[in-house]
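Report on the structure given below.
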């Protein structure tokens, strides 16, 4: 049975709203950024005059070149995922008692992707500006193609699940939205969630960041310092992600959330369209910050990304050594928590209560949100829409923190209560 944090009415309303409104919002965001100067008021005025017909008129039709770009990119990333060598990494034990095995070759795939993309541009084989010029068509193709992909995942979950970490709650909408399988695979080695979340979604973030930078150079003959700060910070963040990719496989996205519309469509469509939107805005709205302000923003952003990384590294090292490590120069404070799997087997986990994880149960979300702010703030404050991703990320992570807390409360029982007594704040120390 699917677990829900909110009441059934709120759960159904939120699922249906996201299924209905996320696809058109992707197009609206692109249209506002590229054709309405990033202005909410201009975009609202257009639709006030033209209504639903206006949305139909501006919705780009998927073109052959859009499908070709998506196919070549997806096939290239799938080939790198399968063929590049990598260390064998085991994921966490699943609710059904399974332990997934991965090949950690994300860093290699990341650098091969960027080197190939920049090499194609440098040698005149492919101009990345073409991606920007067909961006609306690409997003439109991703919207429809990824929806079909999620339908196929739903069918696969019914007829050919990859493991017993799967099943139906009996409700078609919930099954489609949240997914049927925790670890769907094609064959033995091709992990679908690693592909959708990491190799397609997160990789597209870096590829599009570079694309926007090149497009601004093509338009203006130079790259503004605001675009440089935005691009560098995004690339540092994505580089951090792939450096830490094996740690990501222990997070809620992989170890708890099943492969459905929420995760897979989100990573295939929402990440490339929404997460990259500050750079998309800056293409046609270059801002000259001046050297001093640009350096201040860049340093602050890199510091936040480092703290976010160090939070995850600290917990990963704590788990890897079974608590036999130093946290901020001293032995870690911890709680030994036991829990029962769905198969009835009793297991134990260690809950870290010192270091970054002694400040708040999800303190790592603070530097993550601040990182997003610092790669957006080079756009300054002429248009609110440039900050949509920061606002969305804040809502997403606060909701995720609540879902994670509720899941852990159900999993660990009295041990989680003890943990919350030791680490009182959920996200912001002293406040929340």
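Just so it is clear, glycine is given a Cβ too, placed from its N, Cα and C backbone atoms.
Among the ranges 194-214, 320-340, the stretch that TrEMBL annotates as transmembrane segment is 194-214. Contact check: the transmembrane segment (226-244) against the transmembrane segment (289-309) gives at least three Cβ pairs closer than 8 Å, residues 6 or more apart, which meets the contact criterion. Comparison of 64-84, 135-155, 194-214, 372-398 by number of C-beta pairs under 8 angstroms to the transmembrane segment (12-32) places 135-155 first. Proximity of the transmembrane segment (259-277) to the transmembrane segment (104-123) is not established, fewer than 3 Cβ-Cβ distances being under 8 Å for residue pairs spaced 6 or more apart. Spatially, the transmembrane segment (104-123) is adjacent to the transmembrane segment (194-214); three or more Cβ-Cβ distances between them are under 8 Å for residues at least 6 apart in sequence. With a threshold of 8 Å between CB atoms, the same-chain residues lying at least 6 positions outside the transmembrane segment (194-214) that come near it are 73-74, 77-78, 80-81, 102, 106, 109-110, 113-114, 117-118, 121, 127-129, 131-132, 223, 227-228, 230-231, 234-235, 238-239, 241-242, 245, 248-249, 253-254, 259, 263-264, 266-268, 271-272, 275-276, 279-280, 282-283.
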